[in-house]
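Novice: This structure is in structure tokens; I'll ask about it shortly.
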Amino acid sequence: MPHPEHNTSVFLLSLGCSKNTVDSERLQAQAEASGITFTQQAEEAEVILINTCGFIEDAKEESIMEILAAVDMKNAGTVRQVYVMGCLTELYRNELQEELPEVDRFFGTRELPAVLDALGARYHQELYDHRSLLTPPHSSYLKIAEGCSRACSFCSIPKIRGRYLSQPMEQLLREARLLQENGVKELNLIAQDITVYGVDLYGKQMLNDLLMRLSDMEFRWIRLLYAYPVGFPLEVIDTIGNRSNICNYLDLPLQHCSDPILRSMNRGITKEQSLRLIEEIRNRNPDIRLRTTMIAGYPGETRKEFEEMLEFAGSVRFDRLGCFPYRHEEHSPAYSLIDTVPEEEKQERVSELMELQEEIARKKNEAFVGSLMTVLVDRPEEGEEGLILIGRTEFDAPEVDNECLLESGSPEPSPGTFVQARITGSTAYELHGTVESLME
């Protein structure tokens, strides 16, 4: 192991998505190898490092607010330096440097060695697959690709992150093995688009091959997130059904169902093709749970087209669904369109779709009452009637999906423990139950 070179203390604030989290984890592992220490409180650090998000306006505003708070601490003498990295810098480096001269350095999304150098550390090539987890130690992400080569009109990710670049399979397997050795039990595969994994490196889709190799390891749960619907390799659905440690779960963001909107979004798929894909997935694996996301209020979306989305969601009955109002982002291709739907109307459409989904989710969850389910305990929490355990089933991804609230038993299962739980009640987004037994 490399010897310590510096003992600077750093407070690392990682904002945005799970892909950003992985970047921050890699940075922290590299810095720690050079003797850098990381603190849990900004007040205890010499340096504040903020890994920003620049995807939508709300995320940009959060990033700016955190930068300003860090600058205030620097001006007050609480910290010595402030560094800013990530997606916001990638989009607005010149403007940020001009408006925030108090920030010592700005770094983009592909400048890890330069960030380390600024911290007084160096990049260790032999540690390229090491990470210091910022997630609970039993659950982690495996980022299988960088960037995106799709051209969805509402999205600025290709501009921020560059073209799609698959990570070599052997490298991913080594990284996964390290995560497993460090106690990770749930592995969540992520990328901007997992569907085309391998095409740029191997000339063909390799998601199924990677999934089977990972399944041969000793992870209890492996989960697939961010599957692009066009060209999704259906053999993956068969593998999910055949392998007990791959969750019966697929995150398949569709974004809309109306053909004119899908064309404008440049999604490369029609409503009918979406329906056929969903039908094929469910036919191949009736146990699978599907998650999707939708955008309401896209430029040109009429009330009729929104009602088409309502009807679509009502007939497909997704197991998990998130809906977001369209954001008119200046670095996305859709910025050239007129933002026709008023903000208030966008929010009303989001609420209307989510009310429909809430009723669907409530009925789906009611079907679990009385059953015995495997639950991964994430954390204890103080409830109104004492300590409860917060966990998830295989049908629920971290942070975005449902939770299972369990009465604390004796002995109390620790975070990262799998339990058999009897489901005694439900709401739209929660299951309630009791622990019947701990699992090996």
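A Cβ is built for glycine as well, from the same backbone N, Cα and C atoms used for every other residue.
Source: prediction; values computed, not measured.
Copying in the features that Swiss-Prot gives for the protein in this structure:
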DOMAIN    8-124  domain 'MTTase N-terminal'
BINDING   Cys17, Cys53, Cys87  [4Fe-4S] cluster 1 binding site
DOMAIN    134-363  domain 'Radical SAM core'
BINDING   Cys148, Cys152, Cys155  [4Fe-4S] cluster 2 binding site
DOMAIN    366-437  domain 'TRAM'
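Quick one: how deep are these features, and who are their neighbours?
Specialist: Across the domain 'MTTase N-terminal' (8-124), DSSP assigns 59 helix, 22 strand, 36 coil.
Listed in sequence order, the residues of the same chain lying 6 or more apart from Cys17 ([4Fe-4S] cluster 1 binding site) and placing their CB within less than 8 Å of its CB are Cys53, Phe55.
The domain 'Radical SAM core' (134-363) scores a mean pLDDT of 96 in the predicted structure.
Taking all protein chains in view, 23 other C-beta atoms sit within 10 angstroms of the C-beta of Cys148 ([4Fe-4S] cluster 2 binding site).
Broken down by DSSP into helix, strand and coil, the domain 'TRAM' (366-437) contains 1 helix, 41 strand, 30 coil.
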Novice: Check each residue in the chain of Cys87 ([4Fe-4S] cluster 1 binding site) that is at least six apart in sequence and keep those whose C-beta is under 8 Å from its C-beta; list them in sequence order.
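Specialist: The answer is Gly16, Asn20, Thr52, Cys53, Gly54, Phe55, Thr109, Ile160, Arg161.
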Novice: Once the DSSP letters are reduced so that anything not helix or strand counts as coil, what is Cys155 ([4Fe-4S] cluster 2 binding site)?
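Specialist: Reduced to three states, the DSSP call for Cys155 ([4Fe-4S] cluster 2 binding site) is coil.
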Novice: Let me know how many other Cβ atoms fall within 10 Å of the Cβ of Cys152 ([4Fe-4S] cluster 2 binding site).
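Specialist: A count of 22.
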